[in-house]
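Asks: For 8-179, the entry in Swiss-Prot reads domain 'Josephin', with the evidence type sequence analysis. Summarising the annotation, Swiss-Prot assigns active site, nucleophile to CYS21. Per Swiss-Prot, the feature active site, proton acceptor maps to HIS118. The annotation active site is assigned in Swiss-Prot to ASN133 on the grounds of similarity to another entry. Feature annotation from Swiss-Prot assigns domain 'UIM 1' to 218-237. Annotated domain 'UIM 2' per Swiss-Prot: 242-261, in sequence order. Residues or ranges marked as region 'Disordered' in Swiss-Prot: 253-319. Swiss-Prot lists 254-267 with the feature compositional bias 'Polar residues'. According to Swiss-Prot, the compositional bias 'Basic and acidic residues' annotation covers 295-313. Residues annotated as region 'Interaction with cdc-48.1 and cdc-48.2' in Swiss-Prot: 297-300.
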Amino acid sequence: MSPSDDPISSIFFERQQAALCAQHALNMLLQDSLFTYENLRDLARQMDQMEHDILGNNANAVGRSENMNDSGFFSIQVIEKALETFDLKLINMENPAMAEFKANPLTARAYVLNLREHWFVLRKFGNQWFELNSVKNGPKLLTDTYVKEYLHQFAAENYSIFVVQGILPNSEADDFITLCPVVPKPTDFDKKEPNLVQKFFNSVGRRLGGSQEIPDSQEDRDLAIAMALSMESKESSESSGSDEDQLAKAIEMSLSQDPNIPSTSAAPSELTETPILGPSTSSETPSGRIPSAEQQRRDRAKFLEKLEEEKKSQNVPEE
């Protein structure tokens, strides 16, 4: 493979056949076509026999397997047995011994995941993470931020997440992507991404007086997209409150979660009520629209001033 080729094409990938996701997940994890259905079937039968010998009459009836089914699904025990040949182990992420990886998922080299009898893999090549899922069209590049969010979401949705322990066999993809990282390709979502990023940073810049430029860092872009989507969700789901109030809440949440977003020393309540004024002393924004929070503050001030004047006029002694 030459450097002119797309680096992602160096990743070994298998498309789904029947329910052989365990076979595909193993081969994609190891980056070679090492296991067949027959291999895993034989392992499953060996394990069934061992269980029968140990449990005796308490074992399942002969012919019924707990380690495979007719569609091609294989249990975690079969996958673990297959990986023993390569001195690799799978340990559930909820195991206390895996606390390091739960706190910082990026320190692992790969994960094997299962939900409702479907197996797939998250694996690192070079310094980049990829989802290897046999029901997809090919490897999917993931940013570090997305890997963390994926695993967090998977855990919330009751996926079984296993940390791959041991040294994975080196592959062509490891070497190639280390030298030539994969460049993300535009997708339908990417067409919307610039608008989402610009929306968030325009909002932050306008409200906080900071820069409205789109950041170069992919991590910052990912965070901006997430916050913009959050803002869109709030706008569509909440019928009460103005758009400006919802935007202020989203910005306040983002500031409390990420210290890298430009901020001021003002308290959150000040950020939502204090307008960002330019050189002009006009009380209106360039668009001629007064922010609702500021309008409310000014209305209160005018009311209090009027009330104070009325009190003073009532206290003036008659001549």
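Cβ coordinates come from backbone N, Cα and C, glycine included.
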Asks: Pop the Cα-Cα gap between the residue listed as 'active site, nucleophile' and HIS118 (active site, proton acceptor) into the table, whole Å please.
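Replies: Each residue's Cα considered, HIS118 (active site, proton acceptor) and the residue listed as 'active site, nucleophile' end up 6 Å apart.
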Asks: Reduced to three states, what secondary structure does DSSP give ASN133 (active site)?
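Replies: DSSP assigns ASN133 (active site) to coil.
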Asks: What's the most sparsely packed of the active-site residues CYS21, HIS118, ASN133, counting other C-beta atoms within 10 A?
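Replies: Relative to the other active-site residues in CYS21, HIS118, ASN133, HIS118 has the fewest Cβ atoms within 10 Å.
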Asks: How far is it from ASN133 (active site) to CYS21 (active site, nucleophile), counting Cα to Cα, in Å?
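Replies: Answer for this pair: 8 Å between alpha carbons.
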